[in-house]
Amino acid sequence: MVAAKMEKSPADLLASPGVSSLLKSFKLKTKQQELLIRVTILGLIYVLAFITRLFSVLRYESMIHEFDPYFNYRVTQYLTQKGFYEFWNWFDSESWYPLGRIIGGTLYPGLMVTAAFIFWTLRFIGFAVHIREVCVLLAPFFASNTTLVAYFFGKLLWDSGAGLVAAAFIAICPGYISRSVAGSYDNEGVAIFALLLTFYLFVKAVNTGSLAWALASAFGYFYMVSAWGGYVFIINLIPLYVMVLLITGRYSMRLYVAYNSMYVLGMLLAMQIRFVGFQHVQSGEHMAAMGVFFLLQVFYFLDWVKYLLNDPKKFHTFLKVTVTSAVGLGAIALGVGTASGYISPWTGRFYSLLDPTYAKDHIPIIASVSEHQPTAWSSFMFDYHILLILFPAGLYFCFKRLSDATIFIAMYGLTSMYFAGVMVRLILVATPAVCLISAIAVSATIKSLTQLVRAKSKFVSVVSGKGATSAKASSKGSVDQSPPFQRDGAIALLLGFFYLLSRYAIHCTWVTSEAYSSPSIVLAARGAHGNRVIFDDYREAYFWLRQNTPPEAKVMSWWDYGYQITAMGNRTVIVDNNTWNNTHIATVGRAMSSYEDEAYEIIRSLDVDYVLVVFGGVTGYSSDDINKFLWMVRIGGGVFPVIKEPDYLVNGEYRIDKGAAPKMLNCLMYKLSYYRFGELTTEYGKPPGYDRARGVEIGNKDIKLEHLEEAFTTSNWIVRIYKVKPPNNRRSTKTLVAAPSEPSNTTQNPSCRRPCPNLSPPQAQLQAAALRRDPPRRVQHLRQRRQDQHHRQDRPLLARLGFFVVAIDIGLRNLDLLLSLENRIKYTVFEVLSSDEPRLGEEEVGLGELGLSSSISPISARRRGNRDGFVQPNNMWSRYLSSGPKSEFLRTPECRMSGRRKRVQMFLIHLVFFVFLTRKIIKGEKQKSMMFKLCIDLTDCNVADKKAVWIVLTNHHIK
């Protein structure tokens, strides 16, 4: 018996009552099975979205890509090392020399704070990770989170099937992958997640009328504001959506609660971001949201009045009066705010979205960025593939089943596609809408086709019927034969549909691997035998800068490479990718487009030690500075009229060969790029000096540099670094002429640099005068070193003094203005210190040098006039100095101060006079005395100067 029991098969054991009842208890219901399948698919999509963005890490290494991410990485490092408050108040002196940059008030901190929070969390748990790894993998992590938001958004718009398809689309769509691959540590990496989350939460609040969802959408909007400047799209799209709902008669309390809660709380939270500040109530780009907010209050008030008034005629009369009054008051408020300057006008980038030609005509620095160019149709096909066909079909289904949610997604899709056509960068913003709307089309189509496939055919029942059939019944049977053909057609359509979707997946994988997973800092190409060739010249050049240049060295390059030089080379740059000062960038553009002698003067005025250029003539790299050169000319010509683009063209054609324009062949950029290139053979069968990027032989092969010398060229000639030579102390070419009354037997040597004993007294006097006027080279060198030493010692102190004097006036009233003026005043003092010795009264530092007028060149402090093309500064201060007893006082012997320190002291005194004249905040005699004492203590004048300044101050300046 025991042996018989042991010989039972597994099937018998499973068929036993106990085991079968246990298995039945674990059996899932239909809804539970569907939920399990959805969760499993969503988990696979989540993992797919992460791993498909790791091609660059597997192929190269863990590194930061592009240009802007290097600044973000550098700032995140500072945040994790120094803490939040040090980061929030960080003044970066290594960028925009000598202006500097206030980091905390000039960036969106959401990306850096998010990465630092994840880093600190991992460290707290016990994972010893480097901050670079967190930065590299942050964008793929948030892309995976975006798939979850896309699923819930698609489910809200249509059904769970649409949500799954939307999540799958956005996980692999190249339009999103281009900004979310591993190493793309930029604001868009987290901003698209925040944008889609804000939209989902707001639509959820509109559908439910829940205050909790509305407040959640406000916090999502706050995170979006902290992460990216593209939040302006949200704050304009949502009011436009609310306006459409009001026009179409879809006003409800749900809409009122959702928008008011989101707008008020979101605005208050957004004001906590220093870079945004009060723009929500002072910027023209945000006025639409405010206008719709007040319009909703009018709607609510009218709805309440309509409830109270039973007479329709009275309500219509009241409605006309209320609407007319509201529109009139709104127009008056907008006009007064704009006229008074309280409401700022739209920015150039906002105008360029509405008018694609605006940036090219008015702001060339915006048009020079490749991301700001209009989008070609090939780019849409490259990034969207089959979604371009599914998008219109999805719009059809949205309009077929209109609701508050489908109206929103249709508006989102249409507006974002328009902006994507204007600017190629905004394909990223349109991608979530395209994926959601296409997912609706796929879900609705597959659902209809599967219903046809599952439908039972009536043809079977007709054929299997018994007995004879009449003609009528026969004809009816022939009609019933149509469902089988519909079923076959539905199966064929489903198979074709899945084939197209599989091709979409293959295309997305290929684009991700080949196009969007190559870091721009490491270039790759295919060799003659098909092998991959790596050009690591950028990092080679930056490593050389870090190891072989002094820590205080200043590097001038085009603004594209500023962030990388600062982050990887650890050197101070003149301009970088934060293009906030068009004049400073135009100055660099002017230096690059000028002759070497003229460029050298500009370079010296900027205190530049090294010049870096990117050149692709050897490797065929087309994104080099020669191909960007015309944008340097255009940007420089926008500030300095002396630069004219036709001077660098031949019959409107940009050429670098023998037929190029003479100014093109001799400008600094051409010389630095093609120096020693005429001796190099780059391709078999081509002459020396053949440019592979342009496909021509260069026109000037005999290039000689006078003021710069080659310091380093990378192995593939992609990056070239030149050192600026110190200024030469040239001898005077004047010759000494002997007195005619003296005998001629005494030889004169005009180049003699020391007194000769055989010279007559008149000749000795002439030579002594010549020596005083033109001292020997050794004496000149010593004097120059002594002046430079005093110059370096005085700079920090005098810069702080100048800043402190202005702080007396505006510090307590406007902290933001004070901080913005700090760098400009420091730069003004640097310019005063570095310029030549002037005669007092002829080259006073004026209002323009304070940086109060954006049209004034930073170099205009040198007051060279128009002979070098510098813009003349504002002469208001010059007229003030040259009128009345003030000019007499400034020319008195007591006020004739020699040396750079005295000149800056006079500059500070003039600055205080300017404060008194313009602000008139010093009223009492005691306050006058305290202010004067503070001014004199700062400038360290002698007693005579104090007395003279006091007389002028009391008699002519303070009334």
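Placement of Cβ uses the backbone N, Cα and C atoms for every residue, glycine included.
Automatic, uncurated: that is what TrEMBL annotation is.
Features reported for this protein in TrEMBL:
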{"type": "COMPBIAS", "residues": "742-751", "note": "compositional bias 'Polar residues'"}
{"type": "DOMAIN", "residues": "38-437", "note": "domain 'Oligosaccharyl transferase STT3 N-terminal'"}
{"type": "DOMAIN", "residues": "553-611", "note": "domain 'STT3/PglB/AglB core'"}
{"type": "REGION", "residues": "731-793", "note": "region 'Disordered'"}
{"type": "TRANSMEM", "residues": "35-55", "note": "transmembrane segment"}
{"type": "TRANSMEM", "residues": "102-122", "note": "transmembrane segment"}
{"type": "TRANSMEM", "residues": "134-154", "note": "transmembrane segment"}
{"type": "TRANSMEM", "residues": "160-178", "note": "transmembrane segment"}
{"type": "TRANSMEM", "residues": "190-216", "note": "transmembrane segment"}
{"type": "TRANSMEM", "residues": "228-248", "note": "transmembrane segment"}
{"type": "TRANSMEM", "residues": "255-275", "note": "transmembrane segment"}
{"type": "TRANSMEM", "residues": "287-309", "note": "transmembrane segment"}
{"type": "TRANSMEM", "residues": "321-343", "note": "transmembrane segment"}
{"type": "TRANSMEM", "residues": "380-398", "note": "transmembrane segment"}
{"type": "TRANSMEM", "residues": "405-421", "note": "transmembrane segment"}
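Using a cut-off of 8 Å between Cβ atoms, the transmembrane segment (228-248) and the transmembrane segment (405-421) share at least three residue pairs, counting only pairs 6 or more apart in sequence. Between the transmembrane segment (255-275) and the stretches 102-122, 160-178, 190-216, 321-343, the greatest number of Cβ pairs separated by less than 8 Å involves 190-216. Among 35-55, 134-154, 160-178, 380-398, 405-421, 134-154 has the largest number of CB pairs under 8 A with the transmembrane segment (102-122).
Only residues 6 or more beyond the boundaries of the transmembrane segment (321-343), in the same chain, are considered here, and those with a CB under 8 A from a CB of the stretch are 282-284, 287, 291, 294-295, 298, 301-302, 305. The transmembrane segment (405-421) makes no contact with the transmembrane segment (35-55): fewer than 3 of their CB pairs lie within 8 A, with pairs spaced 6 or more apart in sequence.
Packing against the transmembrane segment (134-154) from elsewhere in the chain are residues 42, 45-47, 49-50, 53-54, 57, 62-64, 69, 72-73, 76, 111, 114-115, 118-119, 122, 162-171, 176-177, 179-186, 189-190, 192-193, 196-197, 199-200, 203, 432, 435-436, 439-440, 443: each is 6 or more residues past its ends and has a CB under 8 Å from a CB in it. It is 160-178 that, among the stretches 35-55, 160-178, 190-216, forms the most Cβ pairs under 8 Å with the transmembrane segment (380-398). The DSSP breakdown of the domain 'STT3/PglB/AglB core' (553-611), given as helix, strand and coil counts, is 33 helix, 8 strand, 18 coil.
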